[in-house]
Amino acid sequence: MAPGYSSGGSSKRTRSDSTRDALNRLADLRVQSNESWARREEQKQAKSARACMEMLKADGITRQDPIYHTALRMFRDGYLRDFFIKDCITPEERLNFIHQHGGLPYPPAFAPDPLLFAPLPPPTCSGHMDDWYKRFGPQDDDGGDGANGGSDGNMSTSSERSYGSDDGYYSDEEDSILDMLVAALKARLSVCLMEALGIFLYIMAGGNSNRATNNRMVRSGSTISKYFHRVLNAIYAMAADKNKPVDPNFERVHYRVVNEEEFLPFAGAAGAVDGTHIPCIVVVDDSIQHRNCHHITSRNVLFVVGWDDRVIFADAGWPGSVHDQRVLTEAVRSYPFAFPRLPWGKYFLVDSGYASRYGFLPSYPHFLYHLDEFGGNTEAALPHGREETFNYMHNSLCNTVERAFGVIKSQ
């Protein structure tokens, strides 16, 4: 072979080897970077855990106290550790936080404020946010902040911009929310509490962006973000008391099952489990694992819903291509303290896409199941046979989950 050809082939092999070496070095650097990040995360978690334990010792809580071991279990959650360190200022707040998130009864000296832990009102505020703001919004442009000048201090008043309520509407629901958050935020905010609540409701109830809220409230973007997250943290502190079953131990039979004679065979049902796909936009490299059976990218979200339409548990951490049974199995395995544990004889209703196992009662596969499949109220459309009858009643109860999905997706 001519020398020129040999030299060209050798040059190509040299370039190929150089490229391979470069790719190997990049792979090694990526592994080292991931290991370094994992070590930093472990050190960060260990540091926050030590800080929590030192705060417990400073408050006089020893290993002999039952609350000590409850706190150890609670501190496995990194978010709870951060909240405990940054937001629980006094020993009383820390003790209340441990009792609330650890499921312990409150001591008489530290019983929670009944206003703070009163039942949340139904979510009717979204339709009346403008009326609320017209009555209680800032009344003055003097003292705005950011681009408008001024400070984050108190809420401004003015005669230039007066928001009088057109119809005088102001509901007891907004009163109740304000009372609870005033108690929760009393010692944490320097601005008007009502304005902080208004910022939060304007974003959450109306689905408004930071910029839209900035224009509406005449506040800078940083102020909007800061007080939104402060109110959000206060509501999160109440979540452990609100986002749980009315009957935490699932000992009673729900009145919906008791009052309907055809549902009595399901007296042991504590709720329903189902999944839904939330469409999402992901990077190109992750699009395949997020593509579901409908050929759209989504997240597979698991919900456990009680008969009172309250979401007991949710897991939103799975790509759309993952099967519902895998999501449920991993949720039970990965969240042993958060996933609801049922007593003997109780179970959750699931559809035929889930496996039949202890604690979960699926419907009969290969039989009519969804109510619209029965075709109406005619006699011919009624279920025939024990399997169809079972599926019909099973799905009637499981519609609780569908209602919860509808409420969540509409928001």
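Just so it is clear, glycine is given a Cβ too, placed from its N, Cα and C backbone atoms.
If you look up TrEMBL, you'll see 1-21 (among others) marked as region 'Disordered'.
The region 'Disordered' feature in TrEMBL is assigned to 129-166 (among others).
The compositional bias 'Basic and acidic residues' annotation in TrEMBL covers 129-138.
Per TrEMBL, domain 'DUF8040' is recorded for 185-236. Taking H, G and I as helix, E and B as strand and the rest as coil, DSSP gives the domain 'DUF8040' (185-236) the counts 39 helix, 0 strand, 13 coil.
For 273-410, the entry in TrEMBL reads domain 'DDE Tnp4'.
Residue counts for the domain 'DDE Tnp4' (273-410) under DSSP, helix first, then strand, then coil, are 51 helix, 32 strand, 55 coil. In the predicted structure, the domain 'DUF8040' (185-236) carries a mean pLDDT of 79.
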